[in-house]
Amino acid sequence: MEKRTTYCGNVSAEFIEKEVVLKGWVQKRRDLGGVIFIDLRDREGIVQVVFNPEKSKEAWEIADKCRSEYVIEVKGQVVYRDKEAINPKMKTGEFEVMATDITILNTAKTTPFTIEDDNNVNDELRMKYRYLDLRRPSMTNNIKLRHQVTKTIRHYLDNHDFLDIETPYLGKSTPEGARDYLVPSRVHAGHFYALPQSPQLFKQLLMGAGFDRYYQIVRCFRDEDLRGDRQPEFTQIDIETTFLTPEEIQTYTENMLAEVMKETKGIEISVPFPRMSYDEAMARYGSDKPDTRFAMELIDVAEVVKDVDFKVFQAALENGGHVKALNAKGAADKYSRKDMDNLGKYVSQFGAKGLAWLKVEEDGLKGPIAKFLTEVSDELIAATNAEVGDILMFGADKPEIVAAALGAVRTRLGKELGLIDESKFNFLWIVDWPLFEYDEEAGRYVSAHHPFTQPKAEDVDRLATDPASVYAEAYDVVLNGYELGGGSLRIHTRELQEKMFETLGFTKEEAQDQFGFLLDALDYGFPPHGGIALGLDRLAMLLAGEENIREVIAFPKNGKAIDPMNNAPSLVSPLQLFELNIDVTAIDE
């Protein structure tokens, strides 16, 4: 084999009248009037190669044997195409290579699907033949984009004195958060390592060790139910610092993201990002990760409807709940009664009992609940800024149910009504988070982020007496309705960390058993510290304009956490189980 001159997709005017050696895959072969044209593809793109029997009979005869996905090496001269043959849709559309020599490096069977973007192949088949799927230009470009993101991040953090430090994959299982993936120890029978859900404690210990600024682009593992933007193994951009305020950590983060946007998309974004408290986000958008690319907001109408004779509204208000509305401007004729019934069923997954609604017509409000609101119709129209052609949708229940239901409806309407400007990248900080959430099923408070989050100084005294009122030095960065990442200042004294564990229901013995190494470390002069972790997969997905992180991961799992290509997970041999002292008692095939 001869040395390659350049990539197929990089053939340009620089190579005119020069001889080049190209290597790649046959995208397409055409025989036109005795002249063979091959579209030769590699990771950088496609170039047209011409085989004229008058130029080289031997090369023409070999080219005639080529079929799609054959791997070939071509030598020839780069020339300009005739004007009528220029293809403006191709990066190399002005040029072609007049071949003088060709070598078939490997043949290929007929592929189970065509190697092109618009092939309408189901996801399971794509994943079974992932190595073929990755040859498609869109997938190749997604993986290259991901590389550009990580390259830019490393460059930025290196330039700001962050150290890239690896942390262990084999660690200790802890009860907080999602389920762990466990790894049995052969040497220590009955004992298990856990694959890390994040390097949280290790990066805190690195701060205690004095490294000051740490980062790692690190693989993490969570055994949880999957959805479009989640995988059992995923990649975090993990950052930790000492002696910085939340605002300083946020500044580093947003400047890093601005650099990523500039390098990958050629877009200059404004910094600092807007900031919004958690309470404000929930009140205005019904979401802690609002999509601010469109303006529809939740409207509190409790004062307007507090005296109406509608039991649903009254019951909610009497029990300390909320009554809120959404105004879908100009959407009345787009949603039938059946559509509204379907929306009512949709919100049931968020705990709502239904979705009340009204349409604004020339002669007033019309709909299933209009008769209950006759006396306040003018006030309701004013409060919601309603006009003829609008449709009002109402949630009445516990505050968290109203927020979740209407927030989800808002997001759905934004997509269905085409309200979202897909060209926008709206970044946002959500700050001032509650430190705890109440788990109804467990009957106790759990960490809203993780148990190492620093409470706001003014709230510490209420940790034991009123946990629900305690706020955290925590912050999430949001992009277009997706949580990109979250961070916080961390607890750096043993006394406060023990109080935190106590509030979460740990006994002293449990805390020492599970987190004793951290508690002991806090006795040795731990500095104030904090950081953030960002989802690389999700960031790459949004930059690529995809809707599923599988599209930016080279070898992902499917919705059942299975790799259809290599059939992982799989059964293992009895000998392997015996060596690990594991007895599998029952398998549901």
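FYI, residue positions are counted from 1 along the chain as it appears here.
Quick reminder: no glycine exception, Cβ is built from N, Cα and C everywhere.
Because the structure is a prediction, the values reported are computed rather than measured.
Sequence annotations record features per position, and here Swiss-Prot assigns L-aspartate binding site to Glu176, Arg222, His449, Arg490. In this view, Arg222 (L-aspartate binding site) is surrounded by 20 other Cβ atoms within 10 Å of its Cβ, with every protein chain counted.
Annotation comment: Swiss-Prot describes 200-203 as region 'Aspartate', evidence class sequence analysis. The list of residues near the region 'Aspartate' (200-203) in space but at least 6 beyond its ends in sequence, with Cβ under 8 angstroms from a Cβ of it, reads 167-168, 171, 214, 216, 238, 240, 450, 452, 515, 517-518, 531.
Sequence-distant neighbours of Glu224 (ATP binding site) (same chain, 6+ apart, CB under 8 A from its CB) are Ala178, Arg179, Arg230, Pro232. Feature annotation from Swiss-Prot assigns ATP binding site to Arg222, Asp223, Glu224, Gln231, Glu483, Gly535, Leu536, Asp537, Arg538.
Secondary structure from DSSP puts His449 (L-aspartate binding site) in coil.
Look at Arg538 (ATP binding site): DSSP puts it in a helix. On its own chain, Arg490 (L-aspartate binding site) has Gln204, Met207, Phe452, Thr453, Gln454, His529, Gly530, Gly531 as residues at least 6 apart in sequence with a Cβ closer than 8 Å to its own Cβ. DSSP assigns Glu483 (ATP binding site) to a strand in the three-state reduction. Within 10 Å of the C-beta atom of His449 (L-aspartate binding site) sit 20 other C-beta atoms, taking all shown protein chains into account.
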